[in-house]
Every structure is written in structure tokens, then in C-alpha cells.
Amino acid sequence: MSRQWLFSTNHKDIGTLYFIFGVWSGMVGTSLSILIRAELSHPGMFIGNDQIYNVIVTAHAFIMIFFMVMPIMIGGFGNWLVPLMLGAPDMAFPRMNNMSFWMLPPSLTLLLSSSMVENGAGTGWTVYPPLSSGTAHAGASVDLAIFSLHLAGISSILGAVNFITTVINMRSSGITLDRLPLFVWSVVITAILLLLSLPVLAGAITMLLTDRNLNTSFFDPIGGGDPILYQHLFWFFGHPEVYILILPGFGMISHIITQESGKKETFGTLGMIYAMLTIGLLGFIVWAHHMFTVGMDVDTRAYFTSATMIIAVPTGIKIFSWLATLHGTQLTYSPALLWSLGFVFLFTVGGLTGVVLANSSIDIVLHDTYYVVAHFHYVLSMGAVFAIMAGFIHWYPLLTGMVMNPSWLKAQFSMMFIGVNLTFFPQHFLGLAGMPRRYSDFPDSYLTWNIISSLGSTISLFAVIFFLFIIWESMITQRTPSFPMQLSSSIEWYHTLPPAEHTYSELPLLSSNF
């Protein structure tokens, strides 16, 4: 047991560990979100303390980003699928792969500790000074959160190095870069973004750590520092981070839509690759659109507005290529395809509100209102999470060798779809009406939409529980697939379901007409 799970060097076992960890963290993060919506379901205090409320909001963000989406998408799907799609026997650095995983549980422990000692870190996930300074947040909470981020960051950087090396060096004969599966491309681009952005975050939070404990003044005006510097450093990481969260989802959706359409390949494969590369590149030069309210020059604001809008172009290319891939097929609405179609539609809606927020003059009004919350939850809660659900259902027979009940999955999709839209769509109206983020109380003019929003979150909670039940049911009944439904254009399906512990012991050769 300990050799298989504690000291594993097998990409499949490590990927499974990532999945288990991500699902567990996701349940913690979901519980926190239910607490937030319970507080906001009615005017007046429920938790009774704004500091505690902000600690819950901060922990919800950190857990969902660093311990749910990234471990499942990059660690879970990445580890499982990249070697199988490359025809590689394993990752390039199998032991480092194991270390990448085992840095995450200590990191999560540090984060949860930071919420439990002293007053907790009630800074929001951005951890802006002066609120996160030693004066406003005395005690160990913010320091523990910083150490947690350091560990999660090191884990991601090591994983990124591993994926890049694997894809460069371990492709089978015949898999040239232009024939690399789109999911593998998306993981490589994600890894490059991680490699370039995380060190900047590490620098920023290390400076914050020394400001708090070693009497430096990087972000303290009294000693000649500038809190705005922290914002620039943080968002230079933070904006690529949101593309890191969604890019592997793009890759998975491409595979699912292609295979469900019965097509040989995605429409415009090369265009899809260039679109992802462009999104990754542009993601690094738009960071200050998160800071339109800090008083930048008008020409700076004009630049960041236009640069942000340019990102909509490659994103649009991806959306329309997916629609073109679907074009002309007699669709069977399988659960994985339902999630993918939901992804395409809701991600587009989230992208449109993003274009609205890109206008610096409009953003002055909408900044730090629920409009922003609605925007990023549409792209994360209905982009990243829908992609995870689609991918998990699609590759579940490959991961486990079992099949889930498709009728239940469709019912569960309907529940979740209604739940998330009921939760986040009204938040656009709240934001336009000026309801600010990160406050636990609100005037009763906002009551109706908040009640509807909280009702939606309850529906989503039941949908998540239903999904766990569906997984449980599939595992106790042990239904096995008769044959893989997929086309031969995806080589991960050329195995027993689930694959043997060691696949590709003899390296495959891919012919030019696969």
C-alpha cells in the first residue's frame, strides 16, 4: 500500500491522488461558499463578525483555485492523459512528480491553519497590503497563508517543468508538434504560464513576509515603499493564473466535442493551437486591468483596455472552431457533451461581461461590485468547473474501467446548470445596482436578488452531492463498458479500461494517417 500510494512514481497513481485531493478540497471550498451564501441570504448579520466572513471568502478562493481546479485539471487530468496521449511510458521525472503532489497536503494544512489561528487571514485572495501588513493583520495568520502559497507555488513550478520536459522529450515517433493532441498543447502552454508567473508571486509575497516580520518597507510608504507595487506584482501573476485555470479546460473541451461529433479532428487544429498560444502570451500584458481604480495615467488605461479586448479575438476563434466542429453532426446529447455545450455557452457569457469590464471608464463604477464576482464565477464556476465535469465524465471509463448512470448524469447536469445560473446571473443586477464585494451585510433594496442567488447555491450543493452519489453507485455496481465509444483518432483509448499499470512498455510508432 505505502509503496503504491506514498512513494508512487506511476503517473496514473499520482494522477488519482491528485483527483482525490482535488475532490476533497472542492468539498471544503463548496462548504465555505455555502456559508458565504447563507450570510448573504438575508440582510443583517448571520455569522456576526466581518473578519470571520472575510476569512471564509479568502479561504474559499484559495482552496478552489490552488487546491481544487489546479490539482484536478493539471495534476489529475494532466498526469493521467499526457503520457497516454504522447505514447510515453510515464512522465519525464516520476519522483519529482510524486513530490509535486505531496507538497499540496502540507500547503492546504498551512492554509487551513491560517484560518484557525489568531483572527484568520481576512484579506481577500489578493492579500493586498496595507490590510495584510503587520499592523492591520497582526499575528501569524497571513504568514501561514504566505507559506501555504509558497508550497503550492513550488509544487506547481516543479509540475510545470515536468510537463514541459515530458512533452519535448518523450513524444512517440510520428507525433510531431502540429499533431500533438490539443489537450497536451493546452497543458504545455499552462505549464509555461506557471513557470513564468509563479516566481513573480513568490517574490511579492516574500517581500510582504519581510515587511511584516523583518521591518523592511517594500510596500510601506513610511519607509519609501509603495503598496501599488504589490498590486502590480500580484496581478502580473494573478492574470496569467486565471488563464492557467481555464486553458486545460479548453484542451479537454476540444477533445470531447471532436469525439462526440464523430469527427476525425477538431475544426482548425492549428488555429486552435495558435489561439491558445496567443491567449497565453497576451495574458501577461493585461494585468493592470485589475487596477483601473488606483489612479493610472489615461494612456496607460487606454493601453490596458485595448490589450484586454484583443484577448477576445483568439478566444472567439476557439469558440467558433468548437461550433464548427459540432456543425453538421446528428448530436446525441450524452452527459459529457451536455457539459461541453454548457461550457461553450456560459464561458461565452462570462467572456462578454469580461469585455464590458475591460472598459476602464465603466470599470471605475463596476470595480469591486458583484458584477465582477458574477463575471469571474461565470468563467470559473461555469467554465473551469464545467470543463472538469465534462472531462471527468468523458474519461471516467478510462480512469476507472466503469460507467456511470447516464440518465442520472443528465438529471444532475440539469440541476447543476439551473443552480449555478440562479446563483450567479442575479449578481450582475446586484453589481449594476452598486452592491459591493466582500461585505457581509447589505441594505434590503438588494434582498430579492440575494435570496434567489442563495437559493441557487443550495440547488448547486444538492447537485454536487448527487454527483458524488452517482460516482459511488457506479463503483458499487461495477458496470464495465462493453467497448470504448471513442474513435481511433485519440490514442489514449487504445488500452484496456482502465489501462494496465505500465502502458507503452514498448514505445508505439504513429503512422502518418492516424
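Numbering starts at 1 and runs along the chain as it is shown here.
Every residue gets a Cβ built from N, Cα and C, even glycine.
The following features are taken from Swiss-Prot:
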| type | residues | note |
| --- | --- | --- |
| TRANSMEM | 16-36 | transmembrane segment |
| BINDING | Glu39, Gly44 | Ca(2+) binding site |
| TRANSMEM | 55-75 | transmembrane segment |
| BINDING | His60, His377 | Fe(II)-heme a binding site |
| TRANSMEM | 101-117 | transmembrane segment |
| TRANSMEM | 144-164 | transmembrane segment |
| TRANSMEM | 182-202 | transmembrane segment |
| TRANSMEM | 233-253 | transmembrane segment |
| TRANSMEM | 267-287 | transmembrane segment |
| TRANSMEM | 304-324 | transmembrane segment |
| TRANSMEM | 337-357 | transmembrane segment |
| BINDING | His375 | heme a3 binding site |
| TRANSMEM | 379-399 | transmembrane segment |
| TRANSMEM | 415-435 | transmembrane segment |
| TRANSMEM | 451-471 | transmembrane segment |
Cβ neighbours of Gly44 (Ca(2+) binding site) where a neighbour is any other Cβ within 10 Å:
10
Considering only Cβ pairs under 8 Å, which range in 304-324, 337-357, 451-471 makes the most contacts with the transmembrane segment (379-399)?
337-357
If you count other Cβ atoms within 10 Å of each one's Cβ, which of the binding-site residues His60, His375, His377 has the most?
His375
Including all protein chains shown, what's the count of other C-beta atoms within 10 A of the C-beta of Glu39 (Ca(2+) binding site)?
23
Whole-number Å distance between the CA of His375 (heme a3 binding site) and the CA of Gly44 (Ca(2+) binding site)?
26
Which bits of the chain, at least 6 residues beyond where the transmembrane segment (337-357) starts or stops, bring a Cβ under 8 A of a Cβ in it?
246, 249, 253, 256-257, 260, 289, 308-309, 312, 315, 319, 322-323, 331, 363, 366, 371-372, 374-379, 382-383, 386-387, 389-390, 393, 410, 413, 417, 420-421, 428
Most CB pairs under 8 Å with the transmembrane segment (182-202): which of 55-75, 101-117, 415-435?
55-75
Decide whether the stretches the transmembrane segment (451-471) and the transmembrane segment (16-36) have at least 3 CB pairs under 8 angstroms, with pairs required to be 6 or more apart in sequence.
yes
